[in-house]
Amino acid sequence: MVTKEEDCLPPVTETTSRCYSTSSSTPLAELETVRSLEIVESSSSLSPVWLLVIFCIINLLNYMDRGAIASNGVNGSTRSCNDKGKCTLATGIQGHFNLSNFEDGVLSSSFMVGLLIASPIFASLAKSFNPFRLIGVGLTVWTIAVLGCGSSFAFWFIVLCRMFVGVGEASFISLAAPFIDDNAPQKQKAAWLGLFYMCIPSGVALGYVYGGYVGKHFSWRYAFWGEAVLMAPFAVLGFLMKPLQLKGFPSSDSIKTVRSIEVMSPSVGSETLKNNNRLQVDNEIEHDQFEVSIETSKSSYANAVFKSFTGFAKDMKVLYKEKVFVVNVLGYVSYNFVIGAYSYWGPKAGYNIYKMKNADMIFGAVTIICGIVGTLSGGFILDRVTATIPNAFKLLSGATFLGAVFCFTAFTLKSLYGFIALFALGELLVFATQAPVNYVCLHCVKPSLRPLSMAISTVAIHIFGDVPSSPLVGIVQDHINSWRKTTLILTSILFLAAAIWFIGIFINSVDRFNQEETGSENPRRPELSSRTP
């Protein structure tokens, strides 16, 4: 009989080990399980700073893809001829597949279909499965789908691939921000979120430059293939690195341990009382128990998936009863309607209104500078004035209103340089909203609802924002045939976003980041140290 834990030392080099008592060589599964858990918990984790760096790079690549497909180098144009009979050659995706402006806009929005379906699913599954593994799955799908975009042979095929790019991106956008919010220093949460969301405008701007250069010097297909090569290492990393614990969710290790102990512990005590002359019988019993453990594990995972989906409706009801969340998302939808159309049609509008010879490069440079400075400033300012939900709404409404004024005025000017100056100031202010709007999404709900809050927020801003905005702007332009008037109509919607966020200032709000979870979502580890074999 084993009386001390030191008598049971599992081999270091083996994943599964057996340990025996000094007297009877009886397997002590219970002590082995506890020791394995202790080893896992004591192993080194990814540091918060490196977590932020890795997530920022992935976010940059996600949005670089969106910028690349919008660039003149990748998106291109159809063959056209002027009154004098001088014709321009068809270029890029639009020229290759001979797309109308509406079809071109559908191409921009098609990947949102996968995003809309997959985001809530990944958010719900995070309660039962390792979030980092879910991110790894998503990034793998993203990489394969982007490779498919570069290998497209028909318009329907590239639309299908863009949908799967959305599926791949869904896992990351739902789970990345809660991890950053958990691991950021208390007084720098908004600043860390600002760093993360800075990669949105920076990625789009980098995509303009990247797509313009690759499309011009090689082919639009190479732009997609290059993105896949850059993302592949991070997809692999999602399966390899040890994740940090997400607040409000049970540890995947603890869930596995509880399931294993529930199956094995009733028989462990009896096995330790067996004599050496019963060793053969013990081994037969252990083999049967191992098979039962496998079946129970399968059943446990099936139950976990089932509970994730049955709890989804309940969580959604709680989410939509939160007035702060609803107002925040409504403002975000209006905001993203404009930003989504800017990101897609901006270079083309600038080229047609101001005859920019290097529209991709100019829009890319302006967006990347203003995106970095504006997004970082928004996060640092919110931390400076004390990060609270009312303060976040004040910053959202003020910055959006002033940004709308500058952008609207910019499109009324005939001077290219005047346009660039005012549009840059407008973008600087508009991008200052990224950290505050996501801070509200994360802190207006309890910790376990944060992935779902981010997922539903993302679904809403896309399905009602940039998904319809790109094709609708294409329809408006096809109808009135004036990019200046089209952009002025589009920019005016920013005033609506500012008004909605202004209402949020006066709503009674509660920061629920430290709210205790109710119910029994977090399984407790059974106390085994006091058990006597």
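Placement of Cβ uses the backbone N, Cα and C atoms for every residue, glycine included.
Owing to the predicted nature of the structure, the values given are computational and were not obtained by experimental measurement.
Taken from TrEMBL as is:
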- 45-64: transmembrane segment (TRANSMEM)
- 51-510: domain 'Major facilitator superfamily (MFS) profile' (DOMAIN)
- 106-125: transmembrane segment (TRANSMEM)
- 132-157: transmembrane segment (TRANSMEM)
- 192-210: transmembrane segment (TRANSMEM)
- 222-241: transmembrane segment (TRANSMEM)
- 324-345: transmembrane segment (TRANSMEM)
- 361-381: transmembrane segment (TRANSMEM)
- 393-413: transmembrane segment (TRANSMEM)
- 419-442: transmembrane segment (TRANSMEM)
- 488-507: transmembrane segment (TRANSMEM)
Original post:
Of the stretches 132-157, 361-381, 419-442, which racks up the most C-beta pairs under 8 Å with the transmembrane segment (393-413)?
Top reply: 419-442
Original post:
So which of 132-157, 192-210, 488-507 is most in touch with the transmembrane segment (222-241), counting Cβ pairs under 8 Å?
Top reply: 132-157
Subject >> Stretch in 132-157, 192-210, 361-381, 419-442, 488-507 most in contact with the transmembrane segment (106-125), if contact is a CB pair under 8 A >> reply: 132-157
Original post:
Which sequence positions outside the transmembrane segment (361-381), separated from its termini by at least 6 residues, show Cβ-Cβ distances below 8 Å to it?
Top reply: 67, 190-195, 197-198, 200-202, 204-209, 212, 346-347, 350, 395, 399, 420, 423-424, 427-436
